[in-house]
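Only one structure is covered here, and it is reproduced in the block below.
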Amino acid sequence: MKFFLIFLVIFPIMGVLGKKNGYAVDSSGKVAECLFNNYCNNECTKVYYADKGYCCLLKCYCFGLADDKPVLDIWDSTKNYCDVQIIDLS
């Protein structure tokens, strides 16, 4: 019974604290274009308050965005490619 009560308290908190990865979009629905990783890291961390960012397929891909930040809908294969690339950079 205690485990069930703890689960009910902790489970909603886990969903609130989650972060996501993706191409962050501005208020007009556009993604920042890039050629260099430094530009994207600054764009993602200072404008979108993500953990870090880099240039993936000529667009700024942000890692660790807050759940309320809008991201561009992309194919799963593109997302997987960009996620793997950022893991390799760490």
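Here the Cβ of each residue, glycine as well, is placed from N, Cα and C on the backbone.
Given the structure is predicted, the values throughout are model-derived calculations rather than measurements.
Partner cysteine of C62, as given in Swiss-Prot, is C44 (from among C44, C55, C56, C60, disulfide bond). If you draw a 10 Å sphere around the CB of C44 (disulfide bond), it holds 24 other CB atoms from the protein chains shown. Around C82 (disulfide bond), the C-beta neighbours below 8 angstroms that are at least 6 residues distant in the chain are N21, C56, L57, Y61. Secondary structure of the domain 'LCN-type CS-alpha/beta' (20-83) per DSSP (helix as H, G, I; strand as E, B; remaining residues coil): 19 helix, 21 strand, 24 coil. Ranking the disulfide-bonded residues C34, C55, C60 by Cα distance from C44 (disulfide bond) puts C60 first. The disulfide-bonded residues close to C62 (disulfide bond), defined as a CA atom within 10 A of its CA, are C40, C55 out of C34, C40, C55.
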